[in-house]
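What Swiss-Prot says about this protein:
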COMPBIAS  1-12  compositional bias 'Basic and acidic residues'
REGION    1-20  region 'Disordered'
TRANSMEM  28-48  transmembrane segment
TRANSMEM  65-85  transmembrane segment
TRANSMEM  121-141  transmembrane segment
TRANSMEM  158-178  transmembrane segment
TRANSMEM  187-207  transmembrane segment
TRANSMEM  224-244  transmembrane segment
TRANSMEM  268-288  transmembrane segment
TRANSMEM  301-321  transmembrane segment
TRANSMEM  358-378  transmembrane segment
TRANSMEM  384-404  transmembrane segment
TRANSMEM  415-435  transmembrane segment
TRANSMEM  440-460  transmembrane segment
Amino acid sequence: MSISSKTEDSDIRSSVMTDHGPSGMKRLAGLSLAALGVVFGDIGTSPLYAVRECFHGEYGITASAGNVLGVLSLLFWALVLIVGLKYLTFIMRADNDGEGGILALTALIITHSRNRGYERWLLVAIGLFGASLLYGDGMITPAISVLSAIEGLQIIAPAFHEMVIPLTMLVLAGLFLFQHNGTARVGALFGPIILLWFIAIAILGIIEIVKYPQVLQAMLPWHGISFLLGNNLKGFTVLGAVFLSVTGAEALYADMGHFGRRPIRITWFLLVLPALLLNYFGQGALLLSSPGEAHHPFYGLVPSWAMIPMVLLATSATIIASQALITGVFSLTQQAIQLGYLPRLTVTHTSARHMGQIYVPAANWSLMVGTIGIVAWFGSSSKLAAAYGVAVTATMLISTILFYYIARDLWKWNPAALNVMITFFAAIDLSFFGASMSKLFHGAWVPLAVALVMFTIMNTWKQGRKLLMRQLQDRTLTVDEFIRSLALQQPQRVPGQVVYLTANPDVVPIALLHNLRHNKVLHSEVALFHFSNERVPRVPNSRKIEVDRLGDGFTRVIARYGFLEYPNISQVLALANQQGLNFKPEGISFFLSREKIVAGEKTKMFPSRKKLFALMARNALSATAYYDLPSGQVIEIGVQVQI
């Protein structure tokens, strides 16, 4: 699943919605092709392992005619109901100013939900855990995708078996080491390569279906129902492997803001769904005629002369699918920073044209270590499949829950109809989640453990910042009180323009009080800058800056930024000066407070979490670097705070 945003894409998206002429159709086609490389890479490479795991994996079932038709029926209806009906028809209606994804949906609930108190806290916690699951998915998906593609080498020649793991680790290492360069130059190739991939897998499927057309009767739902009823618990556990066919469906919703609903829907129904079904049914036809091919039915469709080109194409497709997920983790990390769930981290823009193309070193190296470690630990894509899926099923279930509250509280949908719909989708989600959880002790715990760690980190940072702000607020006074005190006892004023960054626009920054207490002077022009992180993707320039003249040489500037934007001090100064601030950038001194966190007995936070918060605070990117302040004009004042 990936979450990303590009300013130019938003403009194109808008024009596609309004322009139905030749130019509009051309733009729609271009956007649909681009969506192929970003949105559909994950779900598009699932044929490499989904059918195989149903019949050959650790939880596989015998490849009899009834079982093959039953599994194909479940695959068909999973794609139709989960992707086509649930996501493309309903979930994609829930957007936060055009943006999709778990965090965007959670922010929408915080802003508009009528729930208060414990219920609202629980919804936010569920949404935050859903976002945390992406980090676990971000380690598993590249590992299983690239590994399953390169495993085709051992089909070409069994002697290549020993090379599979080292080659996979080498490809993954190269992928992560390349991230700092961005994808601007090679990104244009993603769409055409994935297009070629879908055409190739569709042709491979058609060739086998023509030989065994009886396989098409698997579209009848009775075959799937009969399979589940006839195989009892074994059939239920196979659902976990069936679900591998829809991993990546969440990306359709998460990347909605990147490409828009229409291009994603058109691409899915006209190309992706037909290609996937043709390949899955082709693999089924192969198993009906040759059950012995269950060890790798995908490569069983490939003629011997095309095996090497197909392995190369599959590897390229899985690298692109992994790239989309890595980019999604970068974007999610940036959103979490902006929404106050993670400390400030280095975020590098890799493209001057596209604001959505970013690189987050901390996230990149964490994913690299985790992904390569997972490949080394599990050793095969079949073993990895047991760990795959549980994070995605949990995310889908969480999306269903959050969607219910949006439809109920924000859209005021008919309660009876909404309850029926949500019960139907929740039953599907719970079935797949239960089947995936049956593999808990065979690797499914890995992404859950990663998600739990990330949830703890994000929740600890959010709670720690609240406690820190409360402690600082108790040690200062309000801006109004401070301005009134100046009229009673005016300190010595010295010429100069200074900016104090403040986390709370209503109270005096600690740095200002310490400067006044120790230096006994106050500058003639003082601006209090507050960066407000809004729960919307973007804030237009017309509403971004609020300038408030407080009197006695004081001005308060509130800069509002969305969770997909990056704070920019130069932009803030320019917009504020347009409203009469008249601060000269080269002559400003920036005063910051740097808090030293000390674990104490003043708050109820667990000692271990206090230590974790203090550790994150010490290693967070400095405000000077994060806001790109001119280092030669910055004065930092230290303050020790006990929590």
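Glycine too: its Cβ is placed from the backbone N, Cα and C atoms.
Long-range contacts of the transmembrane segment (415-435) within the same chain: residues 78, 81-82, 86, 90, 236-240, 242-243, 389-390, 393-394, 396-397, 400-401, 403-404, 407-408, each at least 6 residues beyond the stretch ends and with a Cβ under 8 Å from a Cβ of the stretch. Contact count against the transmembrane segment (384-404) (Cβ pairs under 8 Å) is highest for 224-244, out of 224-244, 268-288, 301-321, 358-378. Non-local neighbours of the transmembrane segment (224-244) in the same chain are 46, 49-50, 53-54, 57, 59-61, 66-67, 69-71, 73-78, 385-386, 388-389, 392-393, 431-432, 434-436, 438-439; each lies 6+ residues outside the stretch with a CB under 8 Å from one of its CB atoms. Only pairs six or more apart in sequence are counted, and the transmembrane segment (440-460) with the transmembrane segment (187-207) gives fewer than three Cβ pairs under 8 Å, not enough to call it a contact.
Looking at 28-48, 65-85, 358-378, the range that has the most CB pairs within less than 8 A of the transmembrane segment (158-178) turns out to be 358-378. Residues 37, 41-42, 44-45, 48, 141-142, 145-146, 148-150, 152-153, 155-156, 171, 175, 190, 193-194, 196-197, 200, 204-205, 207-208, 248, 279, 282-283, 286 of the same chain, all 6+ positions outside the transmembrane segment (301-321), place their C-beta atoms under 8 angstroms from a C-beta of that stretch.
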